[in-house]
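**Q** Relevant sequence annotations retrieved from TrEMBL are reproduced here:
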- 1-13: compositional bias 'Basic and acidic residues' (COMPBIAS)
- 1-40: region 'Disordered' (REGION)
- 78-98: transmembrane segment (TRANSMEM)
- 134-151: transmembrane segment (TRANSMEM)
- 163-180: transmembrane segment (TRANSMEM)
- 192-217: transmembrane segment (TRANSMEM)
- 224-249: transmembrane segment (TRANSMEM)
- 255-278: transmembrane segment (TRANSMEM)
- 326-346: transmembrane segment (TRANSMEM)
- 366-387: transmembrane segment (TRANSMEM)
- 399-416: transmembrane segment (TRANSMEM)
- 432-455: transmembrane segment (TRANSMEM)
- 467-491: transmembrane segment (TRANSMEM)
Amino acid sequence: MQRNADDHQQLVDHEEEPANDEPMLSGDGDEGGGGGAAFVPAFSPHRDEYNIDDERCLLEREHDEVVLMSTAPSSGSALTYCVFYLLGIGTMTPWNFFVTAEDYWKYKFRNTTSNNTFDVDELTPLQKSFTCDLTLTATISGTTFLLLNAVYGHHVTLRAKMLGTLCTILVLFGITTGFVEVNTDKWQEQFFLITLIIVVVLNCSAATMSGALYGVAGLFPSEYMTAVVSGQALGGILTALAFILVLAFDAGPSATAFVFFCMGAVLIFFCIVSYIAMSRQAYFKYYLEGGDKYKVISAQPSHSRNEVAETGVPLEPILRQVMSKIYIHVVCLALLYATTLSVYPAVTILMQSEYSANHTEWSDVYYLPVVNYLFFNCGDYFGRLIAGFLERPTNQHTTLLLTVVRIILVPCFLLSNSSEHHFLPILVQHDYTFIAMIIVFALSNGYLTNILLIMAPRSVEQHEKELASSIMAASLSVGMAIGSVLSLAFVQML
């Protein structure tokens, strides 16, 4: 009782004499209580940010609190950041190369008795259905495994999820590259089935890796999540540039596919080597093992350092509790990607230049690759970079409002200058208008993606961050699946 009275008197003295705050914080004990009996707070805030309420709250709490005690290593942060960036590129770029080699797949499933491989009127059933089947199998398998990773992923080690999936993807790309040099003309149906099986396994592996990467990035400071999502957008830029270069050199479908698949395999190999190197860094291990240390401050008053014991925060996150904290972020991210995928690329790829009647090289060859792919991926990339710098808005309802307002661009794209218009009028006729719409659409997509993926882990406790980030990755995939279904309807509406 006497000790409590002394502590209370010290708090009163501090309110009356602010100049005496420093001895109390430093724990010298020469003032106010004498010797080693001085009141010592469980944590020492920066002197410029010191508030007397910080000490008062130690005497009375409604519930236990978790207090940050940071001891992060000073070395290894730059390497970790670069590897996260590379892994972000590796999550999407190999698959982008896979689907970009469209002419190769048409060549593989062509009518072998005809010399015209790409005539729309002479496309074989396999050529007509391949793109749709490819998208469907990829979406279903990827979304399923992202959901499974969000619910059960914490039962599997990070090393198994990362290295296991990366090695699987590398093997699959090796097999796919080998098929480029194999004559499959006499067993096209079997090759079609083998390819779809490869697609399923590839997307299951990529989804597991992506979910794990989002989860572990959520354990690190926000700039590492920015590195992951920026790397994904940069991968889109690299794919678009590679596609444009292929068009410029006019390479054959088999040569193009061989280059794409080899580039994907090399990228995955570098991801494996880089991850192994990063996993040995003390900086990476520090955050992987819990990051900045936390102490649980009991709701019962405590007046000494020894009484504030370092206790374990519960390590098993509860899905329902995490969802209750981030459900608005989850809805926003799903809505964001449902909006994006509903028109991009299924609808936007059908657009044509206002000068298409002139049949110039720009309008016939480069317009869509540059505007639809390069401009969009650049806008998406810079949007993510800007979001990582500003980290605003922090209010989840403001983010929801921006996500909803963005939907207004969907009917604008549906009314653009498309080569497939049958029902809707063409109101957006000029190239510069369409380009401006693409850039705004891409910037907003990248910006809101990064904001949501940064803010969701901040809304939960430390031991819940990995699960929260995995849930966000699953939400992103669900939004993409919904958007892909909507795109089928929107294409028919044109």
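A Cβ is built for glycine as well, from the same backbone N, Cα and C atoms used for every other residue.
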**Q** Name the range, of those listed as 134-151, 224-249, 366-387, 432-455, that has the largest tally of Cβ pairs under 8 Å with the transmembrane segment (467-491).
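**A** Highest pair count goes to 134-151.
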**Q** Please identify the stretch among 134-151, 163-180, 432-455 with the greatest number of Cβ pairs below 8 Å relative to the transmembrane segment (192-217).
**A** 134-151
**Q** How about the transmembrane segment (366-387) and the transmembrane segment (224-249): do they have 3 or more C-beta pairs under 8 A, pairs 6 or more apart in sequence?
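**A** In this chain the transmembrane segment (366-387) contacts the transmembrane segment (224-249) - 3 or more Cβ pairs sit under 8 Å.
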**Q** Do we see three or more Cβ pairs under 8 Å linking the transmembrane segment (224-249) and the transmembrane segment (163-180), pairs being at least 6 apart in sequence?
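**A** Contact absent: fewer than 3 Cβ pairs fall under 8 Å.
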**Q** Which range out of 78-98, 134-151, 255-278, 432-455 gives the transmembrane segment (163-180) the most CB pairs under 8 Å?
**A** 255-278
**Q** Which residues, given as numbers and ranges, are at least 6 beyond the ends of the transmembrane segment (78-98) yet have a Cβ under 8 Å from it?
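**A** Distant contacts of the transmembrane segment (78-98): 138, 166, 169, 173, 176, 199, 202-203, 206, 209-210, 213, 217, 220, 223-224, 227-232, 234-236, 238-239, 242, 260-261, 263-265, 267-268, 270-271, 274-275, 277-278, 281, 283-284.
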**Q** Near the transmembrane segment (255-278), which residues from the same chain, at least 6 beyond its ends, have a CB less than 8 A from one of its CBs?
**A** 79-80, 82-83, 86-87, 89-90, 93-94, 97-98, 100-101, 103-104, 162-163, 166-167, 169-170, 173-174, 176-177, 180-181, 242, 246, 284
**Q** Six or more residues beyond either end and a Cβ under 8 Å away: which residues meet both conditions relative to the transmembrane segment (399-416)?
**A** 328-329, 331-332, 335-336, 339, 342-344, 347-348, 351, 393, 424-428, 434, 437, 440-441, 444, 448, 451-452, 455, 490, 493-494
